[in-house]
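One structure is given here, and the rest of the page talks about it.
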Amino acid sequence: MGLPRLGGQGGNGGDVWVVAGKSLTLKRVSDKHPQKRFAAGTGSNSSVRALKGEKGQDVEIRAPVGITITTDDGKKLGDLNIDGDRVLVAKGGSGGSFYSRFEPSKGQVRHIRLDLKLIADVGLVGFPNAGKSSLLTAMSSATPQIASYAFTTLKPELGKLMYRDHKQVSVHMLMSAVSSWPAKTPFRSAFEAIQLLTKELELYKEELLSKPALLVVNKMDLPDAEDKLAELKEQLEKPGEFSSLLPEDMIPKDQLTFRHVIPVSAATGFGIDHLKTRIRESLDEDAETANRAIHAEKLRALEHYSRW
């Protein structure tokens, strides 16, 4: 409240913030605050001793990095991208003053959502029933739903690959399906599946085709798997000669270049360690290339400064 007879202004209410912190998880936030309700402090009344009342105490909700904050109606309030980022989610009301007849106003009341963005080093892309869930389970501690029918992946899954030097690599599994593939087609070869997946990536975001890629050939425990793998490798060496197997509108403009073709069996564990090694090598090579590029750019900038 304000103080009418002396023109005193009441203190504003406190604000509610969401603040990014390291080593936090959404589960930890939920466990710490089971009521999921946060209220900032009330501003102090204006008085003879303090004509301007003190602001109410702010409240900070600590949350993990990588959070997007939205209201219930979908309005985006902000992102927590790095440690220490702050987003104001509810502003305190104004203290009473001459302009409000010395009556205070109420602060904001909001229902908010904290959504953790899935960030991964590696993406697994494949058709339904290709064994992606089983492969993710074999490589990491993830536990996606697994079944022998199509479309068992109900949501994006994130798994962690652990290495002896304590390096962790996150793997994100995505469902992929080309709806325009003829419904009556009884069989799709591995080569045809690769072409269709390439086309789907091309249609979704063409720049994805320039990213480093590994080809994982799963289910090597099945009969005739070795013969089919040999046939696939031959087709990949000369894809143009075999593209006629597909409808023209399903043929990608450019072919994916695979650094390695890795046969595995998620069911038996065959090739899993080799796959994890290849993933790590590929990521390390890319990191080294990026570091060299940054170093070269800094040298060019330094040379330019020296000449100037």
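Using the three backbone atoms N, Cα and C, a Cβ is placed for every residue, glycine included.
Caution: TrEMBL annotation is automatic and unverified by curators.
Features reported for this protein in TrEMBL:
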- 1-119: domain 'Obg' (DOMAIN)
- 120-171: domain 'OBG-type G' (DOMAIN)
- 192-284: domain 'OBG-type G' (DOMAIN)
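Residue counts for the domain 'OBG-type G' (192-284) under DSSP, helix first, then strand, then coil, are 54 helix, 11 strand, 28 coil. Per-residue confidence over the domain 'OBG-type G' (192-284) averages 91 (mean pLDDT, predicted model).
Counting residue by residue with DSSP, the domain 'Obg' (1-119) contains 13 helix, 36 strand, 70 coil.
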